[in-house]
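Novice: Take this structure, written in C-alpha cells, and hold onto it; I'll ask about it next.
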C-alpha cells in the first residue's frame, strides 16, 4: 500500500490541500456531469455512511452544509454531534475529492469516529429536493457563499434552522433581508444564539472563517428558524 | 473531429420552430388555434371566425384584448386562476410572475396599470407547464429538470408564494404537460404528468407521492427493440382529462392519433384503455383540448417557421368523439376520429383554424420532424464528452481568479 503518495501527508495521512485546488467559485448555472438521485428514496446513503448505517439503518441525514468547501465545518460538527448524520454538498470536483479523502483518512486514524459525515458532489441550488424529504433536515449551513449568485430562492419554535455567514457586507445585508422578509422564517434571539454551540463554529471552523479572522475582517451573520406552515395538514 | 462537425450543425439550427396549440372555451362556445404569431378563433355559436382586436378598438361582437403585459424575458407558460383573479406566467429562466386581473371587465376602459410580480422560481430551469389545482389552493409548476413543484397559492399572492407543499419527483426527463383529474368524492384530485421520458405518471400531488407510472412509449409500440441508448424516446407532448377524471387522452411524438388511459381513484392506478389512430394522414397532435362537459376531444397538429418554402405556418385540426368515461364495455367502440364533414363547425371552422382546407402529406412529416427536433434541442440537456467540455471552456478568461496554492 505504501508507495509514497505525494497528495497525502506522510505524517498525518491526510490529503494536502494544494493538490486539490480549484477556482474559488464554480458556475452553478452550467449542468456539470454528475449523477443526481431521481428522488430522495433513491438516494443511497449506505455508500456514504457504511459503518453508521450498519448499526442503525433507520437514521436519516439531518444536517447539510451547502457549498461545504474543504469540509472544515463538517469535521467540527461531526464530533460535536456524533449521533447525527450530516453531509456536505459541493460543486467543485477537486474540492469534493479532497473532502472525501480527508474523511476517509480521519476514519482510518480515528476508528469509530467520523462515520457520521460525508460529502457529495452536486449543484445544491438545483437538486436539493432530490436528496432530502420534506422536514428531514434540521440544520442547513450557508457559509461564505459566492457573492455573485444572489438568487431569490435562496412561530412556534421549530428545530429547523438556517445558518449563514459572510465577510462581504452587501451580501450579508442582503441575505439577512431575505430571511427577515420571508414570512416563514424568524431570527433566532440573542440568548439562543449564545447557547447554540454551532454558532461559534461559523466563524472559526472553516478555512474562509479563519482567513477573515487572521485579517481582522468583519463577518455578517444571519441565523433564522423556520416557523410553522400556514395550511393545516 | 466529430465534435467540431457537431458544433457547426448546432449553429445551423437557429430557426425556431414552435408547435401549434389548441384551446377550447369551457362551454365550447369557441375553439382557438395558435400557430406562430397567429391567433385564430372560431365561434361555434355563430359559425364564423371571430375578429380579434387590441385594446384600442373593436365593438361588442369581437374578442377584445383587455390587458397586455410585457415580460422582460421570453414567456414559456401561463395560467389563469380558477376564480379569474390572477394570471401567472413563467419566463424562460424559471421565474414565475403573478398579475392581478381582478379589476378587468367590459366597463373598465381606463384601468390601473398593475405590474407583474415575481412569486417563485425554479432555479435557472425552463418551466414547461404551469397550472392551478382544481380547488385553487396550489400552483403547480413543471420544469425541464424533471421536477414538478407544488406550491401553496396564497390569498395575497402579490406577496410571493413562499410555501412549498411538495415536489413530485420521479420523471427521468423533462416534464412536458400536466392535467388534473378529480371527482365528487375527491375534490382535491390527483395530478397526471407527461414527460420526455415517454411515461405518464399519476401523483398524489399534496404529498408528492408517485402513485403509478404508465410506460406509454412502450405500450404504444413506439420503442424499437434494438433501441440504442443515445436515441431519444418519444416524448409525451400533451394531456387532456375528461370532466369526471377517469379518462386521460395522451398525445405522443411519433403516434398518429392519441392513446387513452383510464384512471382509477380507488386503486390509484393508470391503465391503457385503447389507442385511437388517425387513418389516412400522418396526424401527430402537438396540442389537445376539450371543454369539460362535452364528449369531444379537439386536436391540432402544426408548426411555425418550417424550413420548406411551401408555407410558414401549418395547422391541421381533427376531433375525436365519444371522449367520455363509460362504465359499460361499449367504451371500446364509441371513441372515433371524426371526418372533416362530421366535425362541429364543419368546413368554415377548418378553413378558419387551418388557414386552408387541405394540407399535403409531405407537409405533415416535415412538421412532425421539425417539432420533435425543436423540443429536443430546447429541453433535452446536451451531454458533452470530456474533450468537448474542455474545448468549450477554451474561451474562458478567468484564470486570474484561481486561489493560490
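The backbone N, Cα and C atoms fix where each Cβ goes, and this holds for glycine too.
TrEMBL: automatically predicted annotations, no manual curation.
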Novice: Would you identify which residue of A:143, A:171, A:179, A:184 TrEMBL lists as part of the S-adenosyl-L-methionine site it also attributes to A:67, A:90, A:91, A:123, A:124, A:206, A:207, A:208?
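Specialist: Candidate listed by TrEMBL for the same site: A:143.
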Novice: Where the distance is taken from Cα to Cα, which of the binding-site residues A:67, A:91, A:124, A:208 turns out closest to residue A:146 (active site)?
Specialist: A:67
Novice: Using a 10 Å radius around its CB, how many other CB atoms surround residue A:206 (S-adenosyl-L-methionine binding site)?
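Specialist: For residue A:206 (S-adenosyl-L-methionine binding site), the count of other Cβ atoms within 10 Å is 25.
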Novice: Using all protein chains in view, find how many other C-beta atoms are within 10 Å of the C-beta of residue A:124 (S-adenosyl-L-methionine binding site).
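Specialist: Looking across every protein chain shown, the total is 22.
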Novice: For the recorded positions listed here (A:146, A:208), which one has the lowest count of neighbouring CB atoms within 10 Å of its own CB?
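Specialist: Sparsest of the recorded positions A:146, A:208 by Cβ contacts within 10 Å: A:146.
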Novice: Would you mind listing, in sequence order, the residues at least six apart from residue A:67 (S-adenosyl-L-methionine binding site) in the same chain with a Cβ closer than 8 Å to its Cβ?
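Specialist: In sequence order, the residues whose Cβ lies under 8 Å from that of residue A:67 (S-adenosyl-L-methionine binding site) (at least 6 apart) are A:89, A:90, A:91, A:124, A:142, A:143, A:144, A:145, A:146.
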